[in-house]
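Asker: Before anything else, here's the structure in question.
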Amino acid sequence: MSRQESSNKFFIKKILREYYSRKPLEEPLYIHKREIAIHSLEDEAYIRHLSFPSITHLYNFILNEKTPLHLYYSSAYYESPSVNKMELKGWIGSDLMFDLDSDHYPGCDKILSICIEENTIYDGKIKTCPKTESKPVIHPLIKTECIQKAYRDALRIKYILEDELGLKNIKIYFSGNRGFHVKVIDEKIWDLESDERREIASYISLENFDINKLFPVIGKRKKYVIITRNEHGIRKRVLDYVIKNNIVNGNELFIKLPLKLLEETINDLTIPIDIVVTMDISRLSRFGNSINGKSGLITKLIEPLDNYEFDINDFCPWSGNIVVKPLIDISGLQVFDEKIDLKRGVKKILDSKIAVYLTLKGIVKIISDEKLVIKNV
């Protein structure tokens, strides 16, 4: 390990332990029946099959033994969560989870590959730096407007689960990076198998939706469908959308909707759920109020509001400025919604959320953190 890597790791360990010393974690239901997993800062190991009788014991572990870059618990409940073999854990049931990433939306998937040793930046994702064959730093260019789109769909998932499927106790979490997790904490759905969970995800997302099965098409030359004022499920979803967006007159007893407009509506109502996550009954999920080691931001519960405006500062546990020494030359690098200029080897004062992010990525070296303050969580 180089001296700069050592100093950066010491800094990250210090701020993470200070943060967790304030006991911010949201305790999941029946923590003693959950598998706990940690991506350890000290040895960069991914440690699974941990179990703790209480959150107090978990705090003792992460404050004294292994500092978590990432901290997870299983969506599943087990009789013996610490057993290494999944088939011997004694599965009791699982929460229902949905995962949304903002890079799945049009115009939101731009990535830079930063080659530190080459002092070069490449558009797109590359596996190795061409000149040195070293591993590049992958830097997604995610804007707030993209995260806002993902939140909008997370809220839509919540409403569908409640209004169409009758489920309750649904929570929306910002992942701490670029997306959202929607969790259903309800014993009624614990025993759902993977195929049943996939069916729910497909119903919500409209993945591979066959219009003809639910909307009989009328006409030969000018094709259309009929929607009445008394609809349920997906048909009501379409009805509400076309009325809300003034696509049709909502005062009529029934709506004659051209097939082309129906197809456009279905496309707009499609939600890019990661169905693999929903199907996985042993999926790991980030602790509420834990730090996401990719960004330095908090995985945080969000109040479900139609008028919610995403603000990255609401998820940053640090305040103040940090002095860093950049390891690369770059002008106008987008970090969150800000653009910064970096000159290799020239000290620069950065806002803490930018500095922590760049430190986690290995793009800068920490020089002084005297002005850094941990916010009240």
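Cβ coordinates come from backbone N, Cα and C, glycine included.
Pulled these features from Swiss-Prot for this protein:
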type     : residues : note
ACT_SITE : D99      : active site
ACT_SITE : D101     : active site
ACT_SITE : D274     : active site
Asker: Going by a 10 angstroms cut-off between Cβ atoms, which of the active-site residues D99, D101, D274 has the sparsest surroundings?
Answerer: D274
Asker: Look up D274 (active site) in the DSSP assignment and report helix, strand or coil.
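Answerer: Reduced to three states, the DSSP call for D274 (active site) is coil.
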Asker: State the Cα to Cα distance, in Å, between D99 (active site) and D274 (active site), rounded to an integer.
Answerer: 6
